[in-house]
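Working notes, structure below.
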Amino acid sequence: MEGIHKLIFLALIWIFLITNIVDAQDQQGFISLDCGMPRNESSYTDESTGLNFSSDADFISSGKSGTIKTEDSDSGVKYIKPYKQLRYFPEGARNCYNLTVMQGTHYLIRAVFVYGNYDLKQRPKFDLYLGPNFWTTINLQDPSGGFYYRIWLQDGTVEEVIHMPKSNNLDICLVKTGTTTPFISSLELRPLRDDTYTTTTGSLKLISRWYFRKPFPTLESIIRHPDDVHDRLWDVYHADEEWTDINTTTPVNTTVNAFDLPQAIISKASIPQVASDTWSTTWSIQNPDDDVHVYLHFAEIQALKPSDTREFSILWNKNTIIRDYYSPLEFMADTVPIRTSSKCGDDGFCSLDLTRTKSSTLPPYCNAMEVFGLLQLLQTETDENDVTTLKNIQATYRIQKTNWQGDPCVPIQFIWTGLNCSNMFPSIPPRITSIDFSNFGLNGTITSDIQYLNQLQKLDLSNNNLTGKVPEFLAKMKLLTFINLSGNNLSGSIPQSLLNMEKNGLITLLYNGNNLCLDPSCESETGPGNNKKKLLVPILASAASVGIIIAVLLLVNILLLRKKKPSKASRSSMVANKRSYTYEEVAVITNNFERPLGEGGFGVVYHGNVNDNEQVAVKVLSESSAQGYKQFKAEVDLLLRVHHINLVTLVGYCDEGQHLVLIYEYMSNGNLKQHLSGENSRSPLSWENRLRIAAETAQGLEYLHIGCKPPMIHRDIKSMNILLDNNFQAKLGDFGLSRSFPVGSETHVSTNVAGSPGYLDPEYYRTNWLTEKSDVFSFGVVLLEIITSQPVIDQTREKSHIGEWVGFKLTNGDIKNIVDPSMNGDYDSSSLWKALELAMSCVSPSSSGRPNMSQVANELQECLLTENSRKGGRHDVDSKSSLEQSTSFGPEHIPDAR
């Protein structure tokens, strides 16, 4: 009876397996492209694999078709049909396939390259990209260069990666790196289950996929579809000559295993002839620093006697125990993954050992193994909405540019012609900020798709053949500050909303060379009555000339009056008091601008003296731009009403005609950046001084956030804006971008993004929502600068942004790789670790994960006390918060504390 039950069980397994194979043979979700196959040829089914291949012509807009010239007669290799033709790319630096995929689904992506001397030229070498990220280098010039499936690719190679797309579109790009021509024979995508090849980050680049047999590999030993329902390519691993092959005709139950292992793989193995021997295998990888993920597939394929036991331990690289005791399941597939920060040896060699335990009577073995390298894809793709919109625009105008392939914005060296993009953090999707389609040969009306580029700041459509009206939606694009429509055939009136924005200095609008008028009523001036109006043109022109002359005279008169006294009408909101200086007085203070101290985006800063004994720094606005005046006014208004020991003091200002000047107290030790990585970094700051500067800056910022009413957000915290007096006391400066923020139930201000690259809060950058936590992020970046003396952005590092770089280094747990070596280890490690943890919490990508400035200020004071106690004194450090520090206010400008 037991035998009958076993037969029934095995029969059910076979039925299930056959059903699985039939279901899988429909190749649902498979993408199989025969690259170079003409568009007009019909799809076909390859005889040897049963796979349905079709032309790649609908998935790429460039390249030419070629056919291999030779097959390897010596080895008897006969390439399957998809690998006999190819697509090569003699033009363009980057050529990309664009494929529609299922977002969030894991795909096996395979690219096959069979050279076959198709062009009778030099074998090529080029790069392969997955979206905007480097995948691998294809090197057919090196005969030993990583040809994995050599038995069936004698004149080529294949690359595989398991990748989960983050959108419904996937770009696979071939990038020219030298003088040779990139090409590809086949591109194959296979959807996989999401519970098999998993990673917390990155994708899995295939190194090897083996099953173990004693015979040397042959063409027939390659196993793929239809045996493998996922079309994985399995190559035989030539086992030790002293091993013995075993196999079974009894079906192995693979239904309990998510990997859907083929019967042709899991029913075979090779074991040591001596039961006490260790089962070992070794292989090499190109980069020893890569994390390696290994999947070991087992099944007991021998009918064991009651007295038999097969038990062994699994060791990685001779010393890391993966399993102390493991026994394969009898006629059932099982997988043991090794994927926790596993690395090979320093020489790039990896090893796996299966060692028999004392209680085992049978030798160990492994049926099959897959080895992957972790491929970190750090650069995010351009915002999906922007990409979709841009492709709609491309289709509307039939734009054909050689480099309009792949991701529009990244990598930066391949940015599409006519675009500028924001690309501040690799972890944040770039956004399209500028379009310059001048002289693109555009025809038709201005497409409404443009309005969906909601981060667009500049739009240049000049010198095309555009017709129709100027659309109203341009005035509703909140960030748009420049529009050039010159040199087209646009007609009708310009929307009044756009004209109002231009009049108020909110936008630059260029529209000459069109049939446009400035009066909305001109659109109705058609029909018979229009001839009478034309008779009035000479009269109106004469009247207009007289009007212009009068207007010019009035304007000259106004300008002369403005030179005599400052304007008050347009600047009435600025506080006017005794600290207002004339430009002549400024010239006296600076001794005719004799001694420049530095130059920045605002203008030049000069040294000066007030009352012959008080040194000051005089900042002169370089030109009277609208934005410059706005920042000037914001800074004066703020500094006239708030006073704090850690905020720079405004001595006075000048607002006279075109002359805008700010006069500050003189900070003799410059700014913090100069002492960390600039001209003064040769005399490094001690850890104590660094902590004091950080704590004092935090106190000034805390005061802005909770000591003012309305509370203020600085928006431009950076080491260059932290000034140091003769005692190295820190004072926060440059308040031109500062904004008040709401209290009560409102949590943020929606505003255009402003700030400095590297210091800018990524959440604010992404959402346009400004909160006090945006300042906290910027301060966290400064604190990392203070600890490391590293630049905020450095493209030569493993991670370009300082926050990502420190996080990367922290995974090794060695603080010495992070701390500024110029401190020579002279610091209290506990205070430094606490400051480092605080900095990393400040630069959390999510504002909800950041502390507020009061918490930051208090923790820095504790760090400072710890450091001072190590040195045996407090060194004049006061642990009070910034609100308890000595402050002074004019009687009419006392801010309310919340």
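Heads up, the Cβ atoms here are built off N, Cα and C, so glycines get one too.
According to Swiss-Prot, the protein has these features:
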CARBOHYD  N40  N-linked glycosylation site
CARBOHYD  N52  N-linked glycosylation site
CARBOHYD  N98  N-linked glycosylation site
CARBOHYD  N247  N-linked glycosylation site
CARBOHYD  N253  N-linked glycosylation site
CARBOHYD  N420  N-linked glycosylation site
CARBOHYD  N443  N-linked glycosylation site
CARBOHYD  N465  N-linked glycosylation site
REPEAT    479-501  repeat 'LRR 2'
CARBOHYD  N484  N-linked glycosylation site
CARBOHYD  N489  N-linked glycosylation site
TRANSMEM  536-556  transmembrane segment
DOMAIN    591-864  domain 'Protein kinase'
ACT_SITE  D716  active site, proton acceptor
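Projection of Swiss-Prot feature records onto the structure.
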residue : record                       : DSSP (3 states)
N40     : N-linked glycosylation site  : coil
N52     : N-linked glycosylation site  : strand
N98     : N-linked glycosylation site  : strand
N247    : N-linked glycosylation site  : strand
N420    : N-linked glycosylation site  : strand
N443    : N-linked glycosylation site  : strand
N465    : N-linked glycosylation site  : strand
N484    : N-linked glycosylation site  : strand
N489    : N-linked glycosylation site  : strand
D716    : active site, proton acceptor : coil
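Every protein chain considered, the tally of other Cβ atoms within 10 Å of the Cβ of N465 (N-linked glycosylation site) stands at 12. Fewest Cβ neighbours within 10 Å among the glycosylation sites N98, N420, N484, N489: this applies to N489. N247 (N-linked glycosylation site) and N253 (N-linked glycosylation site) are 15 Å apart (CA-CA, integer value).
Here the residue listed as 'active site, proton acceptor' is positioned 43 angstrom away from N465 (N-linked glycosylation site), judged by their C-alpha atoms.
Between the CA atoms of N443 (N-linked glycosylation site) and N98 (N-linked glycosylation site) there is a gap of 26 Å, rounded to the nearest whole number. N52 (N-linked glycosylation site) counts 13 other C-beta atoms within 10 Å of its own C-beta, drawing on all protein chains shown. Sequence-distant contacts (6 or more apart, same chain, Cβ under 8 Å) of N247 (N-linked glycosylation site) comprise S267, K268, A269, I301.
Neighbour density around each Cβ, counted as other Cβ atoms within 10 Å, peaks among the glycosylation sites N40, N253 at N253. Shown are the recorded positions N443, D716; the one with the most C-beta atoms within 10 angstroms of its own C-beta is D716.
Candidate recorded positions: N40, N52, D716. Nearest to N489 (N-linked glycosylation site) by Cα distance: N40.
Mean model confidence of the repeat 'LRR 2' (479-501) amounts to 93 (pLDDT, 0 to 100 scale).
Between the CA atoms of N420 (N-linked glycosylation site) and N484 (N-linked glycosylation site) there is a gap of 16 Å.
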